[in-house]
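Undergrad: Quick paste from TrEMBL:
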{"type": "ACT_SITE", "residues": "454", "note": "active site, tele-phosphohistidine intermediate"}
{"type": "ACT_SITE", "residues": "828", "note": "active site, proton donor"}
{"type": "BINDING", "residues": "561, 617, 742, 763, 764, 765, 766", "note": "substrate binding site"}
{"type": "BINDING", "residues": "742, 766", "note": "Mg(2+) binding site"}
{"type": "DOMAIN", "residues": "58-294", "note": "domain 'Pyruvate phosphate dikinase AMP/ATP-binding'"}
{"type": "DOMAIN", "residues": "302-355", "note": "domain 'Pyruvate phosphate dikinase AMP/ATP-binding'"}
{"type": "DOMAIN", "residues": "421-503", "note": "domain 'PEP-utilising enzyme mobile'"}
{"type": "DOMAIN", "residues": "519-867", "note": "domain 'PEP-utilising enzyme C-terminal'"}
C-alpha cells in the first residue's frame with residue numbers, strides 16, 4: 001500500500017522526489033538534531049493522485065493526514081481545536097526543485113473564534129492571538145479561496161491611519177480584534193458563508209489549495225523557464241507553528257551562509273523583530289541586516305551562526321535558511337541550496353574547493369551552465385531595474401541587455417547606427433536579409449517567432465541581445481509603431497530597453513553595465529576542460545565570430561553557413577545575377593565574381609582558427625531567399641541586371657515554392673547546378689592552400705547539406721573531389737568530405753551514407769522539423785497550446801527531443817560507426833548549446849557539439865558535468 005504521509009522523523013535529504021525539497025530538508029535537519037518544529041509531509045505522490053482523481057483528496061490520504069496529526073498532537077502535547085492548549089500549524093508547499101515564491105503558504109491554521117478567545121485568556125497576550133488570527137483569515141481567503149488581498153490590506157491600512165501609526169506592530173489588542181472582525185465580514189461578503197470554524201476542514205482545504213497552486217499560472221511559467229516537469233507535483237508540509245510575532249523577544253528572518261550576489265564568505269540576510277515569516281518576504285516592514293542580531297540577541301545570533309556552519313558543511317553548498325525566534329529560542333524552518341548570481345556561483349564553487357570542502361568534480365556540478373550566459377553579456381544596472389516599468393514580456397531568446405532607439409527595418413538601423421545612435425531592430429519576424437541590421441543593432445525584438453527562430457539563432461550567434469515572440473505588443477510595420485497592452489504607442493526613434501535574459505521589454509532608456517569576467521571564471525572553466533571528453537566547437541560565419549568563439553574556448557568551427565556571406569551589399573548583386581542566369585555560361589560568369597569573395601572569407605576564417613578544424617556547409621537555403629519580393633525592389637534590380645521587369649518578376653515567381661523547407665535547397669541545388677558546388681570547392685581549397693603556404697596546417701572539412709540518399713551524396717562528393725584534386729596538385733593539402741544528417745531517411749540509412757562521408761554533423765534544427773512534421777517558423781503559433789495542455793513540457797527546438805529525434809541521432813551514430821569505425825560525429829543545431837542536449841550527446845558518444853560563440857562556455861561546462869555524472873560513454 002502506498003504511504004502518502006511521512007513525519008519529519010521518517011525522512012531524509014535523499015527523499016526529495018517524494019517529500020519535496022523543503023520536506024526532505026526539514027526531515028534531514030530533524031535527523032541531525034537541529035531545533036526544528038515538529039510536523040509531517042504529505043507526499044508529491046499524493047499531489048499527483050489529487051490530479052488523477054479529478055482534483056479531489058482521496059479518503060485514504062485524508063485518513064493518513066489525520067493519523068499523523070494525532071501523532072503530532074501526542075508529541076507536542078497540544079491539540080488542534082483545543083481552546084486552552086491549541087496546536088496551530090503552518091501549511092507550506094515544497095516541490096522537488098526550489099520554486100521561490102511560486103506556490104502558496106498558510107500560517108496559524110487551527111484558529112477560530114473559540115480557540116482565539118480561550119488562547120488569548122491563557123497566554124494573557126490577546127494582541128498576539130488576534131494578530132495571528134487576522135493573518136490566518138487573510139491568507140486563507142487569498143490562498144485557499146483566491147479572494148483579492150487588497151480588500152484586507154485596505155482595512156489594515158485604514159486602521160493604522162485612524163490610529164495615527166505607521167507599523168502594524170503599533171496596533172494594540174483591541175485594534176487587532178476589530179481588524180479580525182472586519183476581516184471575517186469581508187470574508188463572508190466575498191464567499192457568502194462564515195469563516196470556517198472546524199480546524200480539520202481548514203487543514204484539508206489548505207492542503208488542497210497547495211496542491212492546486214502547483215498549477216497556478218506563475219508556477220507553470222516558472223517550470224517552463226527552468227525545465228521542471230509538471231509530473232513531479234508538490235509536497236505539502238504541515239508543521240507546528242512557532243511565533244515570531246509574540247513580542248520583542250521574538251522575530252523571523254531569512255539568511256544565506258554566503259552572499260548570494262557576490263559569493264563573499266559571510267552571513268548575509270535580514271530579520272524582523274515581532275513579525276511572522278511572510279512579513280520579511282512580502283516586504284511589509286523594512287527588515288534589519290542579520291549582522292545587527294548580534295547586538296539585539298547575542299546568544300541567538302551565536303547559535304544561528306553555528307547552525308549555519310553545520311548546514312553548509314553538511315550539504316556542501318551555500319544554504320538559504322528561514323528561521324523564527326520565539327521567546328528568545330531559535331527554530332529552523334527551512335534550509336535549501338541558495339539561488340545565486342553567476343558571479344557568486346563561480347566564487348562559491350572555487351572557494352569551497354580551496355577550503356577543502358568539495359572536490360573540483362563536485363564544484364563543476366554547483367554551477368548551472370545557463371548561468372554562465374549572465375557573465376558574458378551586458379546587463380542593466382540594479383538601480384535602473386528597480387525603477388524600470390515592464391511594458392511587455394516575450395521569450396528570452398538571446399541573453400544580455402540593450403537600450404536604444406527603435407527602427408523597423410535593417411536599412412534604417414544601419415543608417416542610424418552609422419550616425420552614432422544606439423538602435424534596436426523591431427520586426428514582426430526577421431529574415432536572412434536583416435542580418436546587417438541585426439549586426440548593427442544593440443538588440444533585436446520580434447513579435448513572432450520562438451527560441452530557435454531566425455532572430456534567436458542569429459542573435460545568439462552574434463552575442464546580440466534578443467527578445468522573440470513578444471505577442472503582447474501590436475506592431476504596425478507601415479506606420480512604424482508598436483503599441484503595448486495599455487495603449488501606449490512607441491514610434492520610430494523612441495527609446496525602449498530589452499532584457500534578453502528575462503524577455504522583459506521596458507518603454508524607456510535603461511542604464512547598462514558591461515560584465516566583468518573574474519579570475520574565478522578562468523579557474524573554473526579550466527577545471528571543466530580538464531574533465532570533459534566531448535569537444536566543443538562554434539557555429540561562426542565571420543572572422544569576428546570565429547575570434548569571439550576562440551576567446552570563449554571553442555576548439556574549432558562546427559558550422560560555417562556560407563549563404564550568410566552572400567547577403568553583404570557588394571555581393572548580393574553577383575548572387576542575384578547567378579540565380580537569374582538562364583544558361584550555364586551566364587551562371588559561371590556570375591560565379592566567377594563570387595569566387596574571390598568566398599575565397600577571401602575562407603582564408604580569413606582559416607587564419608582566425610589557426611589550424612583548428614573548420615567545417616564549411618555548402619549553400620543550403622532555397623534560391624528565392626536571395627531575391628527581392630516587392631515590385632519596388634524588383635524594378636531597380638531588373639535595370640541593373642539588364643532584364644525586363646516582367647521577365648525578372650516571372651523568374652522570381654518561378655523560384656517560389658509552396659514548402660521551401662522541403663524544397664529545392666541543400667545538396668539538391670548542387671545536383672541541379674553543379675557549378676555552384678564547383679565554385680565553393682575551388683574557394684575552400686584555394687583558401688586552404690594559400691593559408692598553408694603561410695605556415696599553417698589547415699585540413700578543411702566540406703559538409704554537404706540536406707542529404708537523404710547515398711547516391712545523392714556520391715554525386716555531389718564526386719564534383720567536390722574532382723574539382724579539389726585538380727587544384728591541389730603538388731601542395732599536399734588534405735581535406736575531408738562529410739554530410740549533415742538532418743533528414744530522417746539519412747538517419748535510417750546512415751550505414752550506407754557513411755560509405756561516402758568521413759564525418760556526420762547532426763543538423764538537429766531541421767531534423768526536429770522533419771521528424772515532428774512542423775515548421776519551426778510556424779510552430780510558435782500553436783506550441784503554447786501544447787504547453788498549456790500538458791502535451792509538451794518544453795520547446796523541442798530549444799531542448800532536444802531525446803525520445804524521438806534523439807533516437808534517430810543515436811541510431812545514425814551507431815550505423816555510421818558500423819560502416820566506418822573512425823567516423824567523426826558532431827551536432828551543429830542550436831541544441832549544441834543546451835545543457836540537457838549536450839549531456840545526451842555525451843551519453844550517445846558523439847565527438848563534439850557546436851553552438852553559438854556565446855554558448856561555448858555553457859557547452860564546455862555541460863560537457864564536463866556529463867563526464868562527472870556518467871563517465872566515459874560509447
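From the backbone N, Cα and C atoms, a Cβ is placed for every residue, glycine too.
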Undergrad: Count up the helix, strand and coil residues in the domain 'PEP-utilising enzyme mobile' (421-503) according to DSSP, in that order.
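TA: The counts are 18 helix, 27 strand, 38 coil.
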Undergrad: Most CB pairs under 8 Å with the domain 'PEP-utilising enzyme C-terminal' (519-867): which of 58-294, 302-355, 421-503?
TA: 421-503
Undergrad: Count, for each of the binding-site residues 561, 617, the other C-beta atoms lying within 10 angstroms of its own C-beta, and report the residue with the smallest count.
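TA: Each of the binding-site residues 561, 617 was scored by Cβ atoms within 10 Å; lowest is 561.
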Undergrad: Please name the residue among the binding-site residues 742, 766 whose C-beta has the most neighbouring C-beta atoms within 10 angstroms.
TA: 742
Undergrad: Beyond the listed site residues 561, 617, 742, 763, 764, 765, 766, identify every same-chain residue whose Cβ lies within 8 Å of the center of their Cβ atoms for the substrate site.
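TA: What remains near the Cβ centre is 559, 620, 705, 740, 761, 762, 767, 828, 829.
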Undergrad: Taking only the residues the record lists as binding substrate, namely 561, 617, 742, 763, 764, 765, 766, what is the largest Cα to Cα distance between any two of them, in Å to the nearest whole number?
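TA: Greatest Cα-Cα span of the listed binding residues: 15 Å.
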Undergrad: Across the domain 'Pyruvate phosphate dikinase AMP/ATP-binding' (302-355), what are the DSSP residue counts per state (helix, strand, coil)?
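TA: Counting residues by DSSP class gives 27 helix, 17 strand, 10 coil.
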Undergrad: 764, 765: which of these binding-site residues has the sparsest Cβ neighbourhood within 10 Å?
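TA: Comparing Cβ neighbour counts within 10 Å for the binding-site residues 764, 765 gives 765.
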Undergrad: Same chain only, sequence gap of 6 or more: which residues have a CB within under 8 Å of the CB of residue 763 (substrate binding site)?
TA: 705, 740, 741, 742, 828, 829
Undergrad: Around the C-beta of residue 828 (active site, proton donor), how many further C-beta atoms are within 10 angstroms, looking at every protein chain?
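TA: I count 28 other Cβ atoms within 10 Å of it.
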Undergrad: Average the pLDDT scores across the domain 'Pyruvate phosphate dikinase AMP/ATP-binding' (58-294) and report the rounded value.
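TA: Summarising the domain 'Pyruvate phosphate dikinase AMP/ATP-binding' (58-294) by its mean pLDDT gives 90.
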Undergrad: DSSP secondary structure for residue 561 (substrate binding site), reduced to helix/strand/coil, please.
TA: strand
